[in-house]
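K.L.:
Please read through the structure below; I'll follow up with questions.
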Amino acid sequence: MEKPSREAFEGNNKLLIGIVLSVITFWLFAQSLVNVVPILEDSFNTDIGTVNIAVSITALFSGMFVVGAGGLADKYGRIKLTNIGIILNILGSLLIIISNIPLLLIIGRLIQGLSAACIMPATLSIIKSYYIGKDRQRALSYWSIGSWGGSGVCSFFGGAVATLLGWRWIFILSIIISLIALFLIKGTPETKSKSISLNKFDIKGLVLLVIMLLSLNILITKGSELGVSSLLFITLLAITIGSFSLFIVLEKRATNPLIDFKLFKNKAYTGATASNFLLNGVAGTLIVANTFVQRGLGYSSLQAGSLSITYLVMVLIMIRVGEKLLQTLGCKKPMLIGTGVLIVGECLISLTFLPEILYVICCIIGYLFFGLGLGIYATPSTDTAIANAPLEKVGVAAGIYKMASALGGAFGVALSGAVYAIVSNMTNIYTGAMIALWLNAGMGILSFVIILLLVPKQNDTQL
């Protein structure tokens, strides 16, 4: 049978299912480790700092490379890069499950981050190329369900699989899903950008960004173990500050920068992107709360994950509600309402000093508010970021916005896990969890202030 040409091909359900399955390899499977930290500590015979690196490094590498991967997809083909991303996920999953060596766990998670960086921009571009009008809106809705829904259910899913089958089955299932995705996407005509930019990719900027973020991640996760006066700590701190300073200088001079800082001259875009970074940072709530109820209350990973089911339900319901609020109230009010509700949820989840039954009730209600808030915030924030970017820079602006999402999640998990470990060692796990969760509430409050100050009442100010 002759393969259909790009011009003749129309997106169908087979391709869409393949796209959604490829998306959940990151948002559902890779992210589900937030609920199996104690199990991984025992399985790999390692400390919580090493496990925190393994958990956070996937989102970290996804965030670092997502903009560059989007450019590669445009140049060499979106189908090709999606397939490469799926194959990388299979490779990363295999490295994670074949041994009990912590180094292979970290390398496997790193490769999964590269996989997500390839899959996310490439699949969005495929949808834009092959789905039109209402079909495109439908496809984007399913893509969002795969990402937001996957992140909502990942805690429960990880706990359920780890308890019933063993944690390695998370990645065995991920490999199976990846193979199905490859089969469903096979036969789709390649799609590339018609106008390839002649500008060279900003390799120097990418290298400096990788050095800076890796150094910072190690400082956060291993800082207390290294000691602030140790030579390695001071060296890593100097590398972080030096690479960050050099990155800023070079990016401002570059003709085709990795991060175009001119975009941040627009207050609305800055407010949406900065608040997005911080609210993705509250993903640290999941790793702290799940670890606490397992270590402190003796719950299984399945029981711990069950507490967050209200989060999953509410975030899926409220995404469409947030869209309607955006249409009637503009962008600022829904973003403020969503963030405010999320802060209330964070505060409820942080009440670790309560008796067990009362704390469980607070957790269930807290996760409900958590999902409700994120669901209301999501669409208005994305719309604000995209609407306030000039037409010729929409792709770059969207890439930076997604980079903020991934890096926010990575550092939120790393920082929350580090604070939990440090304070728990100094006091007890109840206080450690409470302080770490207060940190997440603080990020929510800072996000609220940024939205209040930077996002205009009417989203009509363009660059």
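Just so it is clear, glycine is given a Cβ too, placed from its N, Cα and C backbone atoms.
Sharing the feature lines straight out of Swiss-Prot:
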- 17-37: transmembrane segment (TRANSMEM)
- 53-73: transmembrane segment (TRANSMEM)
- 86-106: transmembrane segment (TRANSMEM)
- 107-127: transmembrane segment (TRANSMEM)
- 142-162: transmembrane segment (TRANSMEM)
- 201-221: transmembrane segment (TRANSMEM)
- 273-293: transmembrane segment (TRANSMEM)
- 299-319: transmembrane segment (TRANSMEM)
- 334-354: transmembrane segment (TRANSMEM)
- 357-377: transmembrane segment (TRANSMEM)
- 403-423: transmembrane segment (TRANSMEM)
- 435-455: transmembrane segment (TRANSMEM)
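Walk me through the surroundings of each of these features.
P.N.:
Long-range contacts of the transmembrane segment (17-37) within the same chain, counting only residues at least 6 positions beyond its ends with a Cβ under 8 Å from a Cβ of the stretch, are 48, 51-52, 54-55, 58-59, 62, 82, 85-86, 89, 93, 109, 112, 115-116, 119-120, 123, 126-127, 139, 142-143, 145-151, 153-159, 161-162, 167, 170-171, 173-174, 177-178, 180-185, 283, 286-287, 290-291, 294, 301, 304-305, 413, 417.
Within the chain, the transmembrane segment (53-73) has long-range Cβ neighbours (under 8 A, six or more residues past its boundaries) at 26, 30-31, 33-34, 37, 40, 80-82, 85, 102, 105-106, 109-110, 112-114, 116-118, 120-122, 125, 197, 201, 206, 209-210, 213-214, 217-218, 221-222, 258-259, 283, 287, 395-396, 399-400, 402-407, 409-411, 413-414, 417.
With a cut-off of 8 Å between Cβ atoms, the residues of this chain six or more beyond the transmembrane segment (86-106) that come close are 22, 25-26, 29-30, 40, 43-46, 50, 53-54, 57, 112, 114-116, 118-119, 168, 171-172, 174-175, 178-179, 181-182, 185.
Using a Cβ-Cβ cut-off under 8 Å and counting only residues 6 or more beyond its ends in the same chain, the transmembrane segment (107-127) has close neighbours at 11, 15, 19, 22-23, 25-26, 30, 33, 54-55, 57-70, 72-74, 78-79, 81-82, 84-86, 88-89, 91-96, 136, 139-140, 143, 188, 191, 399, 402, 406.
Residues 35-36, 38-39, 144-145, 148-149, 151-153, 155-160, 162-164, 286, 289-290, 293, 360, 363-365, 367-372, 374-376, 378-379 of the same chain sit 6 or more residues outside the transmembrane segment (299-319) yet have a Cβ under 8 Å from a Cβ within it.
Residues 272, 275, 279, 282, 285, 289, 292, 296, 322, 325-326, 362-363, 365-381, 384, 430-431, 433-434, 437-438, 440-441, 444-445, 447-448, 451-452, 455 of the same chain lie 6+ residues outside the transmembrane segment (334-354) yet bring a C-beta within less than 8 angstroms of a C-beta in it.
Counting residues 6+ beyond its ends, the transmembrane segment (357-377) has Cβ neighbours under 8 Å at 148, 152, 275, 279, 282, 285, 289, 293, 297, 307-319, 321-322, 325, 334-335, 337-349, 351 in the same chain.
When Cβ-Cβ distances below 8 Å are used as the criterion, the transmembrane segment (435-455) is approached by residues 267-268, 270-272, 274-275, 278-279, 281-282, 284-285, 288-289, 331-332, 335-336, 339-340, 342-343, 346-347, 349-350, 352, 384, 412, 415-417, 419-420, 423 of the same chain, each at least six residues removed from its ends.
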